[in-house]
Amino acid sequence: MEAEDYNASYEDYPDDVDPIVVLEELSPLEGRVVRILLVAVYSVICLLGILGNGLVIVMITCKMKRTVNTVWFLNLAVADFLFNVFLPVHIAYAALDYHWVFGTAMCKISNFLLIHNMFTSVFLLTVISFDRCVSVLLPVWSQNHRSVRLAYTACLVIWVLAFFLSSPSLVFRDTARLHGKISCFNNFSLSAAVSSPWPAHPQVDPVGSGRHKVVTITRFLCGFLVPGLITTACYLTIVYKLQRSRLAKTKKPFKIILTIIVTFFLCWCPYHAFYLLELRRGSVPPSVFSLGVPLATAIAIANSCMNPILYVFMGQDFKKFRVALFSRLVNALSEDTGHSSYPSHRSFTKMSSMNERETGML
């Protein structure tokens, strides 16, 4: 790897592009180490994501009764699985020293799937939180109206909305040649970027810069902040209701879905933080992005393989590891049997005596 491969920096780029390259603040050796680590991490994520989410999809579609909960988790698994299927192109991109050989269409599709996965997952988790909240606050109404058909309808709306919010990737993602390599990047100005998208002394395009800000802030608000606030409000309401109903001692209530939600926001928080910082690139040292952006992206991508792992290790007491893997998945994904009976003291007595596998998916 020659030194000239690292002669680009964030100061060289107009505000309307978002290249994925190794920056000059990294030495050739450091850049090679980062690239190897990314290839290794992405490969592990891809393998775990395809196998884990694929297993969840098979288990739900072939082995389990269709319930509202299984509909939620089936859609989560499908969204993660689709992204992981296309993750090898990102692995190859890093392995080829950031030389994109898959064409402009795949450049658009691969980034679209990453953003679509983010929106689909966060919207599903938000709806699940709202569903749990309604089940606690209005158990009778929930028992009468909470149906598989309604869950499928909600999922359809979520997928369509996620497609709409992810569509900027299909418009602005582009490829261009730089230093003898083809890069996959965001061309928010929609300028002809075939020859040189990053001139030595670029003129900031106000239109492209404005689009960049709108897309970044929209993703942060719709894909992180607003869902996070709604989810937090739902679970604060649930905790308050359970405490007033003397159910605070219920055995680890909502532990799996709550852990999945917390994991999602922890994984995506660095990603949004760095892309918001990128809007103020001039006031942030370029070295901050050199390792921060690749690391934040890797952490965000890792979320796509986390859910099956959480299902397995939290479906039952982890100490009982002798329990078969398939049993753990079924127990974790099964419909909770007592969601509509929270206010009842009799249900509390019953729930307290239930096996962990019966309450694990609350």
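One is the number of the first residue shown, and numbering goes on along the chain from there.
Cβ coordinates are placed from backbone N, Cα and C, and glycine is handled just like the others.
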From Cys107, Cys133, Cys234, partner that Swiss-Prot gives for the disulfide involving Cys184: Cys107
Membrane-side pairing of Met106 with Lys255, Swiss-Prot annotation: no
Site of maximum Cβ density within 10 Å, from disulfide-bonded residues Cys107, Cys184: Cys184
Listed stretch, out of 38-58, 109-129, 256-276, that has the most CB pairs under 8 angstroms to the transmembrane segment (71-91): 38-58
Residue numbers, six or more beyond the limits of the transmembrane segment (152-172), whose CB comes under 8 Å of its CB atoms: 71-72, 75, 108-109, 111-112, 114-116, 119-120, 123-124, 127, 186-188, 190, 211, 215, 218-219, 222-223
